[in-house]
Amino acid sequence: MVLVLVLVLVLVLVLVLVLVLVLVLVLVLVLVLVLVLVLVLVLVLMLVLVLVLAIEPASSEFNVTRNYLDWLTSIPWGQYSQERVEVPAAKQVLDEDHFGLEDVKDRILEFIAVGKLRGSTQGKILCLVGPPGVGKTSIGRSIARALNRKYYRFSVGGLSDVAEIKGHRRTYVGAMPGKMVQCLKTTGSSNPFVLIDEIDKLGRGYQGDPASALLELLDPEQNSGFLDHYLDLPVDLSKVLFMCTANLLDTIPGPLLDRMEVIRLSGYIFDEKVAIARTYLEPQARTDAGVPEGAVRVTDAAMAGLVEDYAREAGVRNLKKQLEKIYRKAALKLVQSGELPQQPPQQQQQEGEGEAIAAPAAAEGAGDSSLAPEPSSSSSGSSGSSDSDAGEQGSGANDKGSRAQQLAHSAEGAAATVLSEPLLVVDAGDLKEYVGQPPYPTDKIYAEGTPEGVVMGLAWTSLGGSTLYIEAASVEKGEGKGGLKATGQLGDVMKESATIAHTFARRFLEQLGAEGQSGAPDPAYFANHALHLHVPAGSTPKDGPSAGCAIITALLSLALNKPVLPDLAMTGEVTLTGKVLPIGGLKEKTLAARRSGVKHLVFPEGNRRDWEELTADVKAGLEPHFVDSYQQIYQLAFQEPPSPSSNQQQEAAAAAA
């Protein structure tokens, strides 16, 4: 029995050893297979490298492959900058860089507050719309600085090639990626702030439609897998914050406009322009001209005259140009008079060290003191609230600090000194010497009141609001010779408004005669008089339906031989039955009326809510009259104006209704 047990144990041990050997062999085989696979992969990679390295440097494929690999490796895949979503900090940045624009700032702060609650500022594409020079581009830069994002700007004005957005195919000679891939490489971040400028001026050519290509780029639901033709790889743009700027909305395609939220910038009133000039534009112009701080003083009267007579447009870009003219001429006078201050000791020491270093070269006769470099001034940033950028901005553009810090860093030479007493004073009487004759002496052609047949209207333009006069005159009198001729480069819509106004005025005058109104002329006046309607200036194209009520009033003023109420301007479209329809651009037209010194404004009743949204400083000194039929305009224009108390009662009754 013992032998049997021993034999069984021996057999069991032998079996166990055999199994262990089998497992060891299996493991060895697995390791061998893994090593073989690794060797195969290494060989394959070596073959690829050999093939790549085997490309001749003179071959066209060498540069194509090298550029492609360079673009692939230089894109910041998955690298994000730390975003700062703090409303107080953003408000401080916006207030430092911009004066006024409270409604725009509130909308931007709302946008940032929603981003703070959600944890991300994605999901909305903002579009700033307004006339040139009101600060659209600089607001974008301020938002980038407030959010601590890298800033990049590119303009699509006149762009007609889709490849600028989507990139070129690599098969083309000189192929490059699109603007967004270039943006990621330049900023070094996958979540920059991108400002697309002049989106209303997109072109369209045989290379495709860039507006359609922007649909994918600006859609938060699609741009997470944006495919660039050059890279041929999906790029995640869902973390990029986009903002667009435009002067008009009419030329932006509907599907593209539907993806954006519009914020309007109307322009600045007189007080805002003066404050912007004092706070932003004047220090910038002084620094750019190299004039020491305090050496030149522009009086308040001169600044007021500069704004009133030289820079009456909606923005402040022209105001900046005029201030630069003043400081350039002032710099010339300071240099010619020899009253420039001595350079700071620190700068003199630096120049002394530079001359000591250049002494060996001077031994050859080139070291004369006249060869020392003169101090120069360098411009920095944008001035005030104007959008004066001209090219792309790369990374770090939002890290330059506020405008005051930028001016302090850019001040060089004499501009770095501060004087306690001004060496030159520019008063209102000196403006003609410094900036020439005023291009806008007055908007009111009839300063002492309009004669019979003349009425002031209000117009909206891409540069803001403006006032225009509508003149009517009788050309020929005779039975059955009634008619209307319109001049002044009027568009088709305005010509139709003139025809409607002539028809309504003819019927309205007949009703006045039938009712026995005092002073009413022959009801057949329009039937027996050939009339000429003119809207100066003749070289400016004009179009739009909102001049209807002004044209009717001008025709009735001619027929009644009675001028309208002084300081009266009106706007509104009139139907054949006399209903006054709402108009657009009420804020721009109100600002134009303020610039022209108008007191009484006639608006359609449908625009009352737009008037109530205006700030108090815009409405100050103006007396609005809201009408829904032309009968109310007639009573206001040709009879005693309603008292302020009755006007307030009408507004209160309308508000209660």
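Glycine is treated like the rest: Cβ placed from N, Cα and C.
TrEMBL: automatically predicted annotations, no manual curation.
Residues or ranges marked as active site in TrEMBL: S546 (among others). Annotation for S546 (active site): same-chain Cβ neighbours under 8 Å, separated by at least 6 residues, are G457, L458, A459, W460, T571, G572, E573, I583, G584.
Taking all protein chains in view, 27 other C-beta atoms sit within 10 angstroms of the C-beta of K589 (active site). The active site feature in TrEMBL is assigned to K589 (among others).
The compositional bias 'Low complexity' annotation in TrEMBL covers 345-397.
The average pLDDT the prediction assigns to the domain 'Lon proteolytic' (449-640) is 85. Residues or ranges marked as domain 'Lon proteolytic' by TrEMBL: 449-640.
Among the features that TrEMBL reports, region 'Disordered' is placed at 337-409.
Per TrEMBL, the feature transmembrane segment maps to 6-27 (among others).
The feature transmembrane segment is assigned by TrEMBL to 34-55 (among others).
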